[in-house]
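As written in TrEMBL, here are the features:
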type	residues	note
SIGNAL	1-20	signal peptide
DOMAIN	27-112	domain 'Blue (type 1) copper'
BINDING	60, 98, 101, 106	Cu cation binding site
């Protein structure tokens, strides 16, 4: 009799993992919105979905911005020219950067689950070009101004 609940739990777990999606993001020196970009620059995911970072141009990496991640989110940092897969489980907004090109504004924004952008989300310590790029991304994504 105990095997029936275990089998049901296993099937539910299998169905949940089967529904998780993988979204590819290319790291590029030139793209639709200028130089030093991630494409796409904005992604909406469900909790448990995976971002697959692909090398579209050399000398890039993908790394989380600690000050721009949900509380309890696991930070990540790929090596230069490394293709990495990152599963995001915590709902909220994530800022992602290319470490060597942050000063040139190479950033992207990810929304996981139901979330709103909070006031002060964009880290004031970021270089000016990175802050400007985040504002542009949020505008193109229809996120408007940050909510209080």
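Note that Cβ sites are derived from N, Cα and C of the backbone, with glycine treated the same way.
DSSP assigns residue 106 (Cu cation binding site) to coil in the three-state reduction, placing it in neither a helix nor a strand. As a summary of secondary structure, the domain 'Blue (type 1) copper' (27-112) carries 9 helix, 42 strand, 35 coil according to DSSP.
Neighbours of the Cu cation site: apart from 60, 98, 101, 106, residues of the same chain with C-beta atoms within 8 angstroms of the site's C-beta centroid are 27, 36, 38, 59, 61, 97, 99, 100, 102, 104.
Of all the binding-site residues given, namely 98, 101, 106, the one with the smallest number of surrounding CB atoms inside 10 A is 101.
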